[in-house]
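**Student:** Just dropping this structure here.
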Amino acid sequence: MRLILSKSKYANHEFYNGCKAAFSAEPSQLCRYLGQQGFCNGNRIETSVHGSVIQDCIAIILTRQLRITMRSQSNWSSCGFAIYYRGLRTQRILLCGFAMIFGIVYLCTNWHASDKDVSLKQLLAAAIRAAEIGGFEVVAVHDQIKFKIESKGQTKEGVNDPVTSADYNSHCAMYLSLTKAFPGITVISEEVSKDCDKINVKNIKNSVKNIANDDVPLDDVPLDDVVNISDITIWIDPLDATKEFTENLLQYVTTMVCIAVKGQPVIGVIYKPFETKQDYNLYWTWTNHGISKNLKNLSKTKDNKTPALIVSLSHAGQVKNASKTAFGNNVEIISAAGAGYKFLEVAVGNATAYVHTTAIKKWDICAGTAILSALGGTMTQLYDQQPIDFGAKDLKVLKNGLLATMSDHMWYSEKFLRHFPDSQIPH
């Protein structure tokens, strides 16, 4: 790459040679040299670049840097020079060069990330750790005398949708710990905070390497699966039941992590940060590989037709009326908050079905879906009984409600739809 100056435009060979020397020694020195020579406004330095297409691209970047450097120098801030490339053919080559170099940069930075395999056993350990440290942040904020509460607006049910510093702190802890442990992995979170740099989050990579320690007890998971990182989507809910958190109804509060592979939830982690019984604060499953001890000794749900439906506090009345019509008076309606809490109530047998009739976000339900599925339960959309895709490219909002059961799923679905008012079914 070289600088070519037309001699006819300049007073002498000395100036010409000085420009060449300044450019060759240090590109930024060309600006200084022009200023010293009083060669400023109205004059042109013409350049042409010889060499490969990549060199052409580098030349463009370099010349842009020269302009910026010259304008920043106080002694010749008024000086300007235009760099011209001769011929349309050269311009086309340069455009092609840009495309080529951006392609090379993309391949260099993304090739290994997209071709990387990830241990799901290590990812499970990381998910457990992320849910726990997110919960620690939630508890820390709650212990403050005052904490910041904002509003996202209102839900479709007309209920205020708050967000707190606990949501943001937990998001940062969970998101950063996962992305640091597995660079390049896709993580989708309910919250986005601009202040994550201000939060001290420990890198959990070392914890992930030692997956059989006391903090992440996975001794009962002997087998492992390795999956390409591009097939993995992680859904995190840093604080489920935020409204109840602000009202001190802490039994409903959870932090959740879900690992989906090719859109299918295979690992689910739900952590209850305010649960005082240590053996009942962390629940996790990995389909066909292992489950947490507190889910192993559950008694099977009795096979009967006495429904106990758990529904959201925000629209309990709506579901109660439809349920009475569908199941008669022999039905129990349990009002509760937090999707994670409600999924666990079905999983442990305290409710026979979780019914949600309005839109819900996928980070609210992915972990619960994974846990229920691993235990033999079923979760589908309420109105069309279709499974849900938890891939990163799919919609983040589930519009058609949900039905989650441990058994008799079709019976519940048919009963509910048969008597649910047509006007309430979304079209």
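Cβ from N, Cα, C; glycine included.
TrEMBL feature annotations, pasted as is:
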- E190, D237, L239, D240, D364: Mg(2+) binding site (BINDING)
- 93-113: transmembrane segment (TRANSMEM)
**Student:** By a simple count of other Cβ atoms within 10 Å, which of E190, D240, D364, the binding-site residues in the record, is least packed?
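**Tutor:** With the binding-site residues E190, D240, D364, fewest surrounding Cβ atoms within 10 Å: E190.
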**Student:** Other residues with Cβ within 8 Å of the Cβ centroid of E190, D237, L239, D240, D364 at the Mg(2+) site?
**Tutor:** I236, P238, A241, T242, T254, T255, M256, A339, G340, K361, W363
**Student:** Which chain-mates of D237 (Mg(2+) binding site) that are at least 6 residues away have a CB under 8 A from its CB, listed by sequence?
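**Tutor:** Sequence-distant Cβ neighbours: S189, E190, T254, T255, M256, G340, W363, D364, A367.
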**Student:** 10 Å Cβ neighbour count around L239 (Mg(2+) binding site)?
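**Tutor:** Looking across every protein chain shown, the total is 29.
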**Student:** DSSP secondary structure for L239 (Mg(2+) binding site), reduced to helix/strand/coil, please.
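**Tutor:** Looking at the DSSP assignment, L239 (Mg(2+) binding site) belongs to a strand.
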**Student:** For E190 (Mg(2+) binding site), what is the secondary structure by DSSP, using just helix, strand and coil?
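**Tutor:** Looking at the DSSP assignment, E190 (Mg(2+) binding site) belongs to neither helix nor strand, so coil.
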